[in-house]
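First up is the structure itself, then whatever we jot down about it.
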Amino acid sequence: MASWNQRTVAKRVSCTGVGLHSGRPATLTLAPAPADAGITFVRMDLGVEIPARNEHVVDTMLSTSLGRGGARVATVEHVMAALHGMGIDACRVEVDGPEIPILDGSAAPFTCLVQEAGVKVLPAGKRYLVVDQPVEIRDGDKLARLEPADGFSVSFTADFGHPLITDQSFQVKLGERAFEREVARARTFCFRRDIEKMQAMGLAKGGSLENAIVVDEFSILNPEGLRFPDEFARHKVLDAIGDLALFGMPVVGALVAVKSGHAMNQALVKKVLADPAAHRVVRVTGEADAPALRAKVPALAIHEGSAA
């Protein structure tokens, strides 16, 4: 039954790094939260709490930012993907500045934080957003579509018109530690030609070969190369998982995305939430509910037996 109950981290754990776009030092702490609290970002320097939900998205340029009452937290997608991928339903994400530390540019350091903290099972059943009808956003050759499915899967096709990133695809079905094995280590990336442009806009001030894959006209500049042959598409899957985590609960459905980004992902979340016919929220209130839901979402009983 534990795998169908909500989960939080068992103790406080912290890490320190720099913000990718702000370049400012940042300390992040994952802290336990009670059942039904969801994920909440806390600007410790301002004393402002920002629920990790789509309604609080304030910017989607190059990353996803949340805001409330004049306070913002930028680049939330990697830590959100890690919490979702590790099955965490409730958590306080405390940060002492305006941006989440980028660390190595992937979600792996955040999954390690969850592993270091351990997991505590809470006395309340999980809630799932079940997709009942397809919903999609299109913009030219870009697509983001969420459709009914068993479990939660993401399929992404990336095409940047670059010799190394042309028609690159990756698909994953979450559950059975698939996020840790196949997605978490994929790093963010950028093109060398865009760096000066981004910095002129006040962005990418903390970027380096230590926290991003940098690509020039023909090659990867990072001396260690890629972690996966299709690392670019895998990272776009990571971003999409983090963006869809702003539903505020696990999704039962399949995301099919082609060249989408943070703005399109959040537009899709908003469109699904605005259509009562397209989705429903199901809560597991006891062991009796689990078999019926398990038939629909066999992949969502993740990390069974690993929680305290």
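Each Cβ is built from the backbone N, Cα and C atoms, and glycine gets one as well.
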Same-site Zn(2+) binder from H21, H56, H78, given that Swiss-Prot records H235, D239: H78
Cβ neighbour count within 10 Å of H235 (Zn(2+) binding site): 28
Rounded inter-Cα distance in Å - H78 (Zn(2+) binding site), H262 (active site, proton donor): 12
Pairwise Cα distance for D239 (Zn(2+) binding site)/H262 (active site, proton donor) [Å, integer]: 8
Number of Cβ atoms other than its own within 10 Å, given for H78 (Zn(2+) binding site): 30
